[in-house]
Amino acid sequence: MLEEEEATLISEHPDVVSVFENTMKTLHTTRSWDVMGGFLNRQGKAHPESIWAKADYGDDIIVANFDTGVWPESESFGDEGYGPVPKRWRGICQNNTKHSFHCNRKLIGARFYDLSQQAKSASPPVEYSPRDSEGHGTHTLSTAAGGFVRGANIYGRAKGTARGGSPHARVAAYKVCWDLCADANLLAAFDDAIHDGVDVISLSVGALPSEYLFDSIALGSFHAVQRGITVVCSAGNEGPTPGTVSNIAPWLFTVGASTIDREFYSLVTLADNKKMKGVSLSPKSLPAHKPYPLIDGSDAKRPNASAEEAGWCYPATLDPGKVRGKIVVCSRDPSLARVEKGVDVLKAGGAGMILANSDEEGNSLVADPHFLPASMITYKDALRLSSYLKSTKSPTATISPATTVLGVKPAPAMASFSSRGPNLINPEILKPDITAPGVDILAAFTREVGPTMLDVDKRRVGFNVMSGTSMSCPHISGVAGLLKKLHPRWSPAAIRSAIMTTARTRDNTRTPMKDANREKATPFDYGAGHVRPNRAMDPGLVYDITFTDYVHFLCSRGYNASSMAQFIGKRYACPSKTMRAEDLNYPSIAVPNLQKSFTVSRTVRNVGTPGTYNVRIKAPFGIDVSVKPQTLEFAKVEEEKTFHVRLRSRGESVGVGYVFGGLTWTDGTHYVRSPLVVNAFS
């Protein structure tokens, strides 16, 4: 803890890397593995050609999770059938707590950090251990590498199968978050994880983007990647606003969130027999086929409450005399948790709740374990419901029990909350990189709090359904672990390239992926596309990036010798002719300031069989694209070839903003895809 003058003095010491304020970052808050394609056969066993089978389920890969800790007793971290802990593991199980905490051959390590005194100053006091009292860390870690758990009970109603991406991997929990996630904790955890010998770091944490030199995640991960550790981060939950994507350093693997083809339907039926498909995970239900009086929250306000606040079902705004025995319509808003609205309806004597989206949420629906019969409906249905309420003096409705429905179309679609590009720090680097399942994801949970994490929730569950880029990030962490097992010599950049260049941009209707409003999504939403793990096993070609490449990229940011020393730990003189950020050997191509003509270069390495690759181009609107050479011939594995992409603007592209296309290298078997993102100014 330093005064400003002390911090300034210390920053001038030659052995001090950098000094910046210890700010706080936030958490970015199943069948999802099946929907990514070809993992299981009809008997529920791994397909012999799947990445699970080929990579031996990630056996002995070590996946670290920086989050709120772990619930060690969870079935997802049982160690039956596991052999000895890998000898290369150098970590610890930090268990000197008043409450027992144990590791095993699955959960091989755990640490906790409280360098900002968050836990010590909490009221009531927080348990000072790696144990997860929030649920977020247990959920994300089990998604990345939890073991198989069949018959996972969900709120006493439905059952499912919970499993992680690398189900035979070893896991380690680094508790860096209490209520928030301090920079100091994150940097300390990076140091320890590097020392401990992990293969993958999963990090569902972030903040608004800042210059890399003052970003704890960018700094810590830079050193992890230098040592061959793949660092996977969430893109953030600030969407669909453009330019909100976080964790944008090019050595990070940044993940957006999309839906899966499973929904938990709860049908709303009006008296005129109009039906609306909502979603819910409420364990409570109303009597079948019995209509209940229906009232909008704004029409049920207390005398001292505003109609607007009552329409949002804020605490103490609903009049029990107007609500009792009725289904109440509550509008969504960002300042009050969805489930809390139901608590207020229940306190006022309501029989059920319909949660209506605003135009901002559109068609994006999230199933919640409400305390009363409830269903969330889209904005389109909310408008229909509003018209119905105005059309009759005695409106009624029914809410059906929650039902699991598979094969939903279209899917995947981008979640409205998933943060969007462009990258505000370096628009030459497309972010996010990829999208993965992040809506209604089933995984392990703490028993310290209820599934809603509200103080009034006394329920306890072993598994929970949650949504966020926090949930999509560990899916990619699990896939990265499988690829590390299959290809132990691949760099983090090669692993990222394999996942990105084999992604898909079409949904299960074979049409382009959509956003939550059913509009065509773009690379600013999904990066390279939706992950296809089985294809990533054999990508054909990869775009690799060395540590020196990243150093030269920092030079392109204008870092001087002093700044470079702060970043890489030693003085480094940038070459007189620095590289352009657009020429970093990234699997995507982004040119944010096209002036007439611009040429970028890329190098690919053959990681498949010898062969000839031909280029296919999907030019962005108003942009002429040419590639030289148009054919790449590889005589052997590990051979590298360089190509150049020239972009020229035509009049119709100037001033219209970003336009999107793609470039694909194919030998007839492999399809190595890269998105093209261009903004023409002249």
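Glycine is no exception: its Cβ is also placed from the backbone N, Cα and C atoms.
Taken from TrEMBL, the feature domain 'Peptidase S8/S53' applies to 58-529. Positions annotated as active site, charge relay system by TrEMBL: ASP67, HIS136, SER470. If you look up TrEMBL, you'll see 122-143, 507-527 marked as region 'Disordered'. Residues or ranges marked as domain 'PA' by TrEMBL: 311-385. If you look up TrEMBL, you'll see 507-522 marked as compositional bias 'Basic and acidic residues'. The annotation domain 'Subtilisin-like protease fibronectin type-III' is assigned in TrEMBL to 583-678.
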State the non-local partners of the region 'Disordered' (507-527) in its own chain: residues 6+ outside its ends, Cβ under 8 Å from one of its Cβ atoms.
240, 242, 254, 256, 258, 261, 361-364, 409-416, 418, 420-422, 430-435, 500, 588, 658, 660, 675, 677
Can you grab the distance from ASP67 (active site, charge relay system) over to SER470 (active site, charge relay system)? Cα atoms, rounded to a whole Å.
10
Counting every protein chain present, what is the number of Cβ atoms, excluding its own, within 10 Å of the Cβ of HIS136 (active site, charge relay system)?
26
With helix taken as DSSP H, G or I, strand as E or B and everything else coil, how many residues of the domain 'PA' (311-385) land in each class?
22 helix, 15 strand, 38 coil
Under an 8 Å Cβ to Cβ limit, what residues of the same chain, 6 or more beyond the ends of the region 'Disordered' (122-143), are close to it?
27, 29-30, 32, 63, 65, 67-72, 74, 76-77, 94-95, 97-99, 101, 110-112, 114, 162, 164-165, 171, 173, 175, 177-179, 202, 204, 441, 443-446, 448-449, 451, 453, 464, 466, 470-471, 473-475, 478
How long is the line from the C-alpha of SER470 (active site, charge relay system) to the C-alpha of HIS136 (active site, charge relay system), rounded to the nearest angstrom?
8
Neighbouring C-beta atoms (10 Å sphere around the C-beta of ASP67 (active site, charge relay system)):
28
Over the domain 'Peptidase S8/S53' (58-529), work out the mean pLDDT and round it to an integer.
94
Protein Cβ atoms within 10 Å of SER470 (active site, charge relay system), excluding its own:
30
